[in-house]
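Worksheet: the structure to be examined is printed underneath.
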Amino acid sequence: MDLKMLLIFTAFLLPAVLGFPIQDNYENSTATSESTQVTTEESIYDSPSPTETDSEDDVIFNRILEVNKDSSRYLQEGDIVPRRSRSAFNCRNCYWPQSMDGIVRIPYVLDPTYEENHVRGILEAMAEFETLTCINFVKRKTERDYLIIRSADGCWSNYGKVGGGQTVSVMKGGCMWKGIIQHELDHALGFLHEHSRSDRDKYVKIMWEYISPACRPDFRKFENSNNLGLPYDYSSVMHYGPHTFTNTTGKATIVPVPDGSVHIGQRLGLSNLDVAKINKLYNCSRCSTIIDAAFGSLKSANYPRNYSDNTNCVWLIRTRSRKISLHFRDFDLRRTRGCQGDYVKVYDGSSKYSPVLMNKTCGSQIPTDVVSSSSLMLIEFVTDGRDTASGFQATFTSARMQRRFNTRN
């Protein structure tokens, strides 16, 4: 049973819960793709949506450290299984192979002790990789190299492909957050923590005086790291929090430079630059954008001029509210029978396996407003190789923003 079938199966058993191609122009988002334009969670298995009262240290990595403090395993940087050779942190053989169709299929097996809700949470975290990148996690058949995802003593992973069956520990309870699962899977793909980049001193200052000697190796810099020619990402799912490993309450161990007020770390999951790095490392061509905003707008590339042929783009909207309302202001897609050519499709969640809110829609009639049941909504735009039209323009708001507008009125 592959990932798609497992998701359908678990969705049937249980109620649903809850790049880089750079986009042409964007505001109020950090975006990824050539065919779109942009302006501008909560079950126990989704990283909770942030609130205005969240602590700046309430980030994914600090949750990992809290769980791992009782682990008996020796871990580098808090959650990485040491390799036999230090030079392996820049090895070309640590990456998973790409198939002829451009997809990177990574076999996995799941711990049989996981319950159905644990499985659902892990599969939903995996599904975002498949939606936003060319990484597909597939159930193992007979492959030699594969991931063993099990509930061991904490949240941890190997760095990259090590050969044979390799463990990704996702402990029941403490590690069952989408952001944590994605953090550990990103290690398995071959990514280190963001602060260990060779160019990190241009972007952050390490406050060594607040780091105990035993923890200083966790802040080492890899001089030969592969930065992929992409910017440093303060909001990466792989970034430490500002006070990670501090030995003095209230004193930061990592300070952004030159602007120390920049927030580092987050609790939602993959960032746009995380997605961009995956796609560049694995030579993927994906048109995908993550929008972390309470309101904004999006439109097809070239709008109001005609969009391009053979487009396949997605936008993942993540808000602080429970619900998202999508309103199409203009809509003009080539009409075909059953909308099998060009279409827009909207999902109630973060992947193409999520429930459908608006099925394939084409033509020139403006669709009715679409409202999600959670803080996540995915919009998919697909075109074939035939004639095109002017495309679409849409705006979105969160329930929180709507309440504010209603209060003012």
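In case you wondered, yes, glycine gets a Cβ from its N, Cα and C as well.
Looking up C134 in Swiss-Prot gives a disulphide bond to a cysteine among C91, C215, C284, identified as C284. Disulfide pairing as given by Swiss-Prot: among C287, C339, C313 connects to C287. Of the listed residues C215, C339, C339 is the one Swiss-Prot pairs with C362, by disulfide bond.
Applying an 8 A CB threshold to same-chain residues 6+ apart, the list for C155 (disulfide bond) reads R63, I64, V67, N68, D79, S169, V170, M171, G174, C175, I180, H183, E184.
Counting every protein chain shown, the number of other Cβ atoms lying within 10 Å of the Cβ of E184 (active site) is 24.
Take the CB of C339 (disulfide bond) and look out to 10 A: across all protein chains shown you find 18 other CB atoms. The disulfide-bonded residues listed here are C175, C287, C362; among them, C175 has the most other Cβ atoms within 10 Å of its own Cβ. C362 (disulfide bond) falls outside any helix or strand according to DSSP and counts as coil.
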